Amino acid sequence: MPFRVDPYVAALLGTVLCATLWPVRGSSATVTGDVTDVAVGLVFFLYGTRLSTAEAVAGLRHWRLHLAIVASTFVLFPLAGVAARLLVPTVLDPHLYTGFLFLCLVPSTVQSSIAFTSIAGGNVSAAVCAGTYSSLLGMVATPALAALLLGGQAPFSPGRITGLCTQIVLPFLLGQFARGRIGAAVARHRRALGRVDRGAVLLVVYNAFSAGVVGGVWERVPVTRLLLLAVVEASLLAVALGATSVLARVLGFPREDRIAVVFAGSKKSLVNGVPMAAVLFGPGAGLAVVPLMMFHQMQLVVCSVIAGRWARTGARRPGRS
């Protein structure tokens, strides 16, 4: 399968280039920051209107499967991130390590997990529920783990707590309350509203990278460090894919469920993670989102290959394993 850059990743790279060439400064940066705060709140409001808590409760009958995915997302990944501290500073740049560890703390992605599970012939309903659980849990687990493991980089100061409540938790709860009234309309216009999500992420990235350029952050990170980061992230993805595959087999899951565990348990959400980084790191979010952006493209390429192979082997199977 030829290498293909995800269009959204291309848009992110273009945004980074724009922020590098034309960073916002002074009062313009203040205005952009305020608009970014509103955009982050809008993203989580829309999450609230989309996530069905009724479906999440109904999916609890597959609790072993979902527990395996949650364990990978919020236990295996964070442990791997902590272990990678041994690579600082010889392999991982200290500034990039903060972003790498944050990558390990964000929830699983929803859309691509569902898409790859469907292509591979897996349990799509399980992937949907897993994404819902991960997003819900991530609003609490990600900030809590960040405060615990990142120390002074993402402290639970009064300002951070206020930001989490006003930009993440409150908008999400309002979205849940509004779901009964506008949920159907949101579902009908899912594609258009998806552009709002992605546009908000681009705005966060532009604002964060602008602050990094103005503050001279990028002068401290050579290209060789980014290449080493890519190698470490490739190893992380390989460990996650292998561990989820082994765990699903040990637990005796059928083929369809194993596929869901592997895809939902090995991914990290760019759309969830970038807005969270903006709240947790503030002006320092530029470097914090670089590892997540790189991992996003990497997981799309690798998982598309795996999904294609699973689809071909599944088509040759006379029945379920």
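Even glycines carry a Cβ here, placed using N, Cα and C.
TrEMBL labels come from automatic prediction, so no person has curated them.
Per TrEMBL, the features are as follows:
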- 36-53: transmembrane segment (TRANSMEM)
- 65-88: transmembrane segment (TRANSMEM)
- 100-120: transmembrane segment (TRANSMEM)
- 127-149: transmembrane segment (TRANSMEM)
- 161-178: transmembrane segment (TRANSMEM)
- 199-218: transmembrane segment (TRANSMEM)
- 224-248: transmembrane segment (TRANSMEM)
- 269-288: transmembrane segment (TRANSMEM)
Other parts of the chain folded back onto the transmembrane segment (127-149), taken as Cβ under 8 Å at six or more residues beyond its ends: 44, 47, 51-53, 55-56, 58-59, 62, 65-66, 69-70, 73-74, 78, 81-82, 101-102, 105-111, 113-114, 117-118, 155-156, 160, 164, 168-169, 172, 260, 263-265, 269, 272-273, 276, 279-280
Stretch among 36-53, 65-88, 100-120, 224-248, 269-288 sharing the most Cβ pairs under 8 Å with the transmembrane segment (161-178): 36-53
Interface check, the transmembrane segment (100-120) with the transmembrane segment (224-248), three or more C-beta pairs under 8 A: yes
Positions on the same chain near the transmembrane segment (36-53), where near means CB under 8 A and six or more residues out: 132, 135-136, 139, 163, 166-179, 182-183, 186-187, 190, 193, 196-197, 199-201, 203-204, 207, 271-272, 275, 278-279
Positions on the same chain near the transmembrane segment (65-88), where near means CB under 8 A and six or more residues out: 59, 94, 97, 100-101, 103-105, 107-108, 123, 126, 129-130, 133-134, 137-138, 141, 145, 149, 232, 236, 239-240, 243-244, 247-248, 251, 253, 257, 260-261, 264-266, 268
Remote residues contacting the transmembrane segment (224-248) - C-beta distance under 8 A, at least 6 residues beyond either end: 68-69, 71-72, 76-77, 80, 84, 87, 91-93, 96, 100, 103-104, 257-258, 261-262, 265-266, 290-291, 294-295, 298-299, 302, 306
